[in-house]
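Asks: Just passing along the structure, written as structure tokens.
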Amino acid sequence: MKKQNLVVVGSGSTYTIGMIMSLIEEKKHFPLRTITFYDTNAERQEKVAKATEVILKDKYPELESFTYTTDKKEAFTGADFAFVQIRTGGLAMREKDEQISLRHGAVGQETCGPGGMAYGLRSIGDMIDVVNDVRKYAPDAWILNYTNPAAIVAEALRREFPDDEKILNICDMPAAIMVSYAKILGKEIWDLVPEYFGLNHFGWFTDIYDKEGNRLTDDIKRAIKDDGFLPEDAEIVNDPSWIKTFKQVETMLTDFPDYLPNTYLQYYLYPSQMVEKEDVKNTRARQVINGREKRVHELCDQLISDGTSENAELEVDIHGCYMIRVAASLAYNTGDTFIVIVENNGIISNLQDDAMVEVPAALTSGGPKPFAVGEIPTFEKGLIEGQLAFEKLVVDAWYEKDYKKLLQALTLNRTVVDAPRARKILDDLIEENKDYWPELSSK
Ligand code: G6P
Ligand code: MN
């Protein structure tokens, strides 16, 4: 097995330590020669990097080198894989997005509705730069992108790099949901074969099989109806917000029993309930700042001062493992099935070709080979088409710097709907995003 050179872009992220633990856990599937961290924020990166050094010394002694840098050339030269996870504007801007939406009575969420739009308009430019920078120094590297809002980012990258066949956008939510299915079934996530369709954070499992071909869908539905549904992945198992979110799956399944929903559909199907539950002074961003971010930074400080990982509570989560198994399948041509984001081109036969859809695909060294979905029913198709129009309009607006298209996008979005409200939210978002968004023409 050829050993890989990996660069982690956005290495100051609160998910990076988890990713390192996953790389250690998965080293048999995806052996590494080098790991390089790249981030534009040297200070944020340094803490995570110094802690990573301690972990790797203990648990990955065979690694030839670990380095961290803010220099693009140093970071990307020689890379086989780039794992990209950046957050333009940081958690501070995520909090603003969530609060502005909520103040106008709309869902305040990282990737859904106005929050997703605002974050998308911040991310697109930086993501395009990252891809250009990686390509300059590592023309053949696989770029695996987790950057949110993945649907909007994937659409922008599709337009900007139509011929680049080595960019793959992925989200861990379907996998995190499958971890809970696996728990219900007394199996491991890797034993399950999903059938799934939708857009990112906007999709449904139509069936779940095991590797022997047994259909397990009804067992899962029954268990959810009888016993409810809970997160099981280490990263979210004890998080009250995620517990609430997973519980909502039972309600969704009662109202719409045909398919097993992605948890993110709660924001589109129950927007008023979601708004009622929220506290503008303690939105999800604030919870993450006071929770995960604080916890990870304390963990890093401990690792650095101890100089050993012996006493540290380190956990492997699905976020990293899924990305790594995806990478392994691409690198070693194993053709395993994962849910990824690709251009439709007939996969969902009654949906436009140029949609970026989230579907299962066999991953080979020639890229993703998605499985046909066929025709989808009217309800899901209607929902998808509205959301897709929103996503397309946001990307149009970024390129064309067009206020009108953003107003259309928000009015179309199920979390907003009302045009005067859309205008108020948009105007507040413009004010707060002056440093990040393109300057918009024509009000
Ligand atoms: C899931 C989604 C990600 C999202 C994250 C937010 O993992 O797939 O796209 O960024 O949840 O989680 P948080 O705990 O930050 O709200
Ligand atoms: Mn996601």
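Positions of Cβ are set from backbone N, Cα and C atoms, glycine also.
Where the annotation comes from TrEMBL, it is an automatic prediction and has not been curated.
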Asks: In TrEMBL, one of 6-24, 139-157, 177-195, 310-328 is tagged transmembrane segment. Which stretch would that be?
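Replies: Transmembrane segment, as annotated by TrEMBL, spans 6-24.
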Asks: Out of ARG222, ARG284, ARG292, which is the one TrEMBL records at the substrate site of ARG94, ASN148?
Replies: ARG284
Asks: What does DSSP assign GLU110 (site 'Increases basicity of active site Tyr'), in three states?
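Replies: Coil, per DSSP.
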Asks: Which of these recorded positions is closest to HIS201 (Mn(2+) binding site) if you go by CA atoms: ARG94, GLU110, ASN148, ASP172, TYR264?
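Replies: Closest recorded candidate to HIS201 (Mn(2+) binding site) by Cα: TYR264.
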Asks: Averaged over the whole of the domain 'Glycosyl hydrolase family 4 C-terminal' (196-416), what is the pLDDT?
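Replies: Its mean pLDDT is 98.
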Asks: Can you grab the distance from ASP172 (active site, proton donor) over to TYR264 (active site, proton acceptor)? Cα atoms, rounded to a whole Å.
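Replies: Given the Cα positions, ASP172 (active site, proton donor) is 12 Å from TYR264 (active site, proton acceptor).
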Asks: An 8 Å radius from the center of the ARG94, ASN148, ARG284 Cβ atoms defines the neighbourhood of the substrate site; name the other residues of that chain inside it, in order.
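Replies: The surrounding set, listed in chain order, is ARG87, LEU91, ASP97, GLU98, GLN109, GLU110, THR111, GLY115, TYR119, ALA285, VAL288.
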